[in-house]
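Quick look at what TrEMBL lists:
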- 12-76: domain 'HMA' (DOMAIN)
- 110-128: transmembrane segment (TRANSMEM)
- 134-151: transmembrane segment (TRANSMEM)
- 171-192: transmembrane segment (TRANSMEM)
- 212-232: transmembrane segment (TRANSMEM)
- 368-390: transmembrane segment (TRANSMEM)
- 396-424: transmembrane segment (TRANSMEM)
- 714-730: transmembrane segment (TRANSMEM)
- 736-754: transmembrane segment (TRANSMEM)
Amino acid sequence: MTAPGPVAAATTTTDLVVGGMTCAACVNRVEKGLARLEGVAAVVNLATGTARVTHPPTYTVPDLIAAVERSGFTAEPPAPPGAAEEAEAVRRERRDQEAAAEDAAQRRRLWITVALSVPVLALSMVPALQFDNWQWLCFALTGPVVFWSTWPCHVKAVRGLRHAASTMDTLVSLGTIAAFAWSTYALFLGGAGAPGMTMPFSLLPSPSTEVAHVYLEAAVAVPVFVLTGRYLEARAKRGTGAALRSLAELAAKDVAVRCERTGRERRIPVEQLRVGQVFVVRPGEKVATDGVVVEGGSALDLSLVTGESDPVEVGPGSPAVGAAVNAGGLLLVRATAVGEDTRLARITRLVTDALAGKARAQRVADRVAGVFVPAVLALAVTVLGFWLGAGADAQVAVTVAVSVLVVACPCALGLATPTALLAATGRGAQLGILVKGPHALETLRGVDAVVLDKTGTLTTGRLKVTGVTPLSGAHRDDDRREALRLAGAVEQGSGHPLGRAVVAYARRTLGEDALPPVADFVSTTGVGVAGRVDGRYVEVRAPGDEVLPESLAGALAAAEEAAHTPVLVRVDGTAQAVIALGDTLRPGAYRAVERLRRLGLRPVLATGDRDATARAVAADLGIPEADVHARCTPEGKAALVAELRSEGHRVAVIGDGVNDTVALAGADLGIAMGGGTDAAIGAADVTLVREDVEAVADSVLLARRTLGTIRTNLVWAFGYNAVTLPLAATGWLNPMVASAAMSVSSVVVVTNSLRLRGWQPRRPAPAARRRTAGARA
């Protein structure tokens, strides 16, 4: 991920729900309509029916909606910033009701159309069934199909004409009306309405003999196949977005709040819950929002939120994630985040943002689709003129032109990429893999080197103090406690896992109130912290190359031998103690590194630890010593990334702390652990929600499968049109077969994307490789 360039002027982003789009040409029209406003750019997603608009603050939401409406489509503004979640829930319920009503209307229109069309198709295709005046019965049944069943297409075609634009609906409308108009001419003026007239059926256009041929079967077949295709396509698209919708439905609807003063409970809508309030979570209930357990013990099922299959044990002081299910005893939880600040809201926001972008392949497809429909209209006119000019029967020429109109399918081009991204993004969210957009998937597929941070990435990040050695020696308990008191006091200002571990150990050992306040606190990323405690200048930092007294040098060597992290405590410039901290490799760390290697990626370890500790961890993970980089500062990690990129590698960086943000931003791709800092997550392109380092390999596999699906979809979409248009233009397809092929084309693309919903990463059997490791990295 490279840093973005400077922005010329301040912009803001607005999301709109766009209605009335049916194909990639519609997407192109909406984007062009919005782009006519100065300084406005939009990315429109056909699969989700949404537009993300980047615009100067001078444009209001009504201005943007008006631009969409001038393009011939409808648009709905987003919920006002800061609107109550209850109002947004009502809004979402209304949209669901509207979608259900639209689905029912679409289904009803389809069945009525089928009922009217079946007799027409049977009588037209089977001469033995043709009785006296059968053609007039077919004509009477075809009229409602052409004008009522296809009415939405006609309306959209006329709307597009008013805006000098053409879409898939233009082709369907023209094709249907042309077939019906020719049949009307044949019945009233061409002799086909005579009693007793019979007509053979042919899959190829045939010249008329003494009477003109009636193509009523084509006039009804086109609407039947188009409506069937769009109904199945809509259902499939709803299926691809099911994972995203399920995220929005995970949150609890109400919560039992306990008054700390009286102990009484009252149930309130979860939207009214505020930070600091204590709420009750009974067995089987969902945790209402993110918080900290203040009383009780239980196990939380996080499978719906992070994909973590094993319940997590929690007790007083443990974090509780909103939407997790309480699988054990009663809990009292103090809310620490509500509304849009919760982890679930962040996951949903990341997934939604991912769908707002476009892959490179989609941009190419959209450009093609933008000129596709006008090109098909021109081709149909050219084909009509060519066949007439070559002396062909007018009936044949019209039939061929109609076939060209209805066989063309820009829908498949428009759906090839967004449906695959929608399904893959939803599946990734279920597996705890959140990508920020299509560019992240494209980059992830091509990554060949992975720079791994250690603390919190390969290790659990839950460090514990394993020893405190004062200058006077480990046997002097008073000196040991004093060094711990000073170090703990300074580390109170640190957010690093190492600092939190020192503070927690100091409070357990010395007492909750034993740590004095710190003044003039300074934190140097990748080095350590410093401040004044009781008038003395105290530093807690990574050891350098300085010569230490024998007792401290021995403690330092012993910590490194055990793969622990040593930190040096200096008081007024003099080394006074060494504190050793131990961490534990994540259970899947060895398997993750091995799987990355099998996928063709080069694992590189970059840590702020000293050489001996870094080498010990790398040896346990099977990382070659040449790819181990110790004592890395944030700038050093960024330089390592730049060096690897200069060698031709496409580099991903995996980290979780503030000290990783520079490297994350400078890499081709940044991957953050979900439990990391907001800075790291903000700088990353991919977030691993459940903090499973093996998910890195899963994300690479998901990216490869997704882009493979997109490639297959585009090959099908382009290949379909490249094959069927020449066949139709040369008279090898009649309109009925052409309309069936067009409908099938879109359904094939969406169904292929739908397969991503069931994708499962194949993980090797667990390997028993685990040892202790420490880090300040």
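Backbone N, Cα and C atoms are what each Cβ position is placed from, and that goes for glycine too.
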Per Cβ pairs under 8 Å, the stretch of 110-128, 134-151, 396-424, 714-730 packing most closely against the transmembrane segment (368-390): 396-424
Top partner of the transmembrane segment (110-128) among 134-151, 171-192, 212-232, 396-424 - counted as Cβ pairs under 8 Å: 212-232
The domain 'HMA' (12-76): DSSP-derived helix, strand, coil residue counts: 22 helix, 22 strand, 21 coil
For the transmembrane segment (134-151), sequence-distant contacts whose Cβ falls under 8 Å of one of its Cβ atoms, 6 or more beyond its ends: 109, 112-113, 116-117, 119-120, 123-124, 172-173, 176-177, 180, 183-184, 187, 192-193, 197, 199, 214, 216, 219-220, 222-224, 226-227
